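Worksheet for the structure shown next.
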Amino acid sequence: MIKKIAVLTSGGDAPGMNAAIRGVVRSALSEGLEVYGIYEGYYGLYHNKIQQLTRYSVSDIINRGGTFLGSARFPEFKDPAVREKCVEILRSHGIDALVVIGGDGSYMGAKLLTEEHDFPCVGIPGTIDNDVAGTDYTIGYQTALETAVEAIDRLRDTSSSHKRISIVEIMGRHCSDLTISAAIAGGCEYIVASEIEFNREELIKQIERAIIKGKRHAIIAITELLCDVNELAREIEARVKHETRATILGHIQRGGTPCAFDRILGSRMGVYAVDLLLQGKGGYCVGIQNEQLVHHDIIDAINNMRREFKADWLAMSKRLD
């Protein structure tokens with residue numbers, strides 16, 4: 001029977017993680033469990049940065065961005081000897097199970113602890129990229145979306161005033177959910193998504209045709225890592241003879257007060273993760289599909305399940321141009 005659980009946040013931070021931590025802590029305490037917080041993710045676990053938490057430890061954090069437990073990259077966790085030491089540390093505290101909040105890399109760590117050491121872990125999807133399989137939404141995505149849309153709205157104001165083309169680079173790595181959704185909500189004229197081949201020449205020709213028709217300004221939304229957006233801006237300006245500037249939103253998308261959706265989602269997922277552990281269901285990850293909380297085998301979430309590209313959304317955006 002589980003008596004003590006721990007919780008950590010790993011990888012890139014996301015608004016709403018604190019709500020998930022709070023959900024884990026308070027729901028576990030309500031069931032008579034002891035709860036421990038692991039500071040700075042897997043790095044902190046390896047260095048024994050573990051502290052018992054009370055309900056007051058998570059007071060007044062639901063409205064705060066980031067994660068009060070902190071997070072860190074820890075590539076050394078790939079070493080089996082490092083993982084073995086981490087399990088030894090957990091067991092030295094009498095901890096029976098672990099809740100991991102993060103993205104696919106964090107899930108991989110939880111998967112290895114479960115597979116190699118039969119240590120019960122449950123994953124909660126926390127990343128602004130919305131790129132975790134087995135869930136419609138990840139914690140932090142909606143807040144990051146609002147941040148990106150606000151930035152696009154501001155860029156439109158100044159682009160309109162100066163007859164300028166603006167390129168806005170949006171986070172997401174290999175998943176363009178954030179880019180496509182922000183572009184539709186912000187009324188962007190062009191979308192460059194990571195899931196489809198980037199045809200630079202076709203993009204420039206589209207802009208040229210629009211300018212010939214009298215368009216005064218435009219906004220191009222592009223997913224990060226596809227190209228050097230500043231270089232692209234210079235090329236567009238040289239070709240179409242229209243002032244063009246690039247804006248990289250960067251880590252501003254990860255910060256800020258979490259929206260109500262992410263606070264509620266984090267709370268629900270935190271409680272659900274504890275319920276799974278109480279039912280003896282380690283090795284799973286939490287998700288939300290069609291507004292219902294669900295769980296999947298964490299191995300399937302990593303190896304077999306793939307998020308569907310929003311191709312229909314992208315097609316719709318072209319009809320709205």
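Backbone N, Cα and C atoms are what each Cβ position is placed from, and that goes for glycine too.
Not measured: the values here are computed from a predicted model.
Here is what Swiss-Prot records for this protein:
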BINDING   GLY12, ARG73, PHE74, GLY103, ASP104, GLY105, SER106  ATP binding site
BINDING   22-26, 55-60, ARG156, 187-189, LYS213, 215-217  ADP binding site
BINDING   ASP104  Mg(2+) binding site
BINDING   THR127, ILE128, ASP129, ARG164, MET171, GLY172, ARG173, GLU224, ARG245, HIS251, ILE252, GLN253, ARG254  substrate binding site
ACT_SITE  ASP129  active site, proton acceptor
Using Cα positions only, nearest of the binding-site residues to PHE74 (ATP binding site) (ARG22, VAL25, ARG254): ARG254
Cα-nearest neighbour of ARG22 (ADP binding site) within the listed binding-site residues, ASP104, MET171, ARG173, ARG254: ARG254
Cβ neighbour count within 10 Å of THR127 (substrate binding site): 28
Site with most surrounding Cβ atoms, counting all protein chains shown within 10 Å, from the binding-site residues LYS213, HIS217: HIS217
Distance [Cα-Cα, Å, rounded] between ARG254 (substrate binding site) and GLY105 (ATP binding site): 17
Local backbone state of ARG245 (substrate binding site), from DSSP in three classes: strand
Cβ-based isolation winner (fewest other Cβ atoms within 10 Å) among the binding-site residues ARG22, ARG173, ARG245, ARG254: ARG173
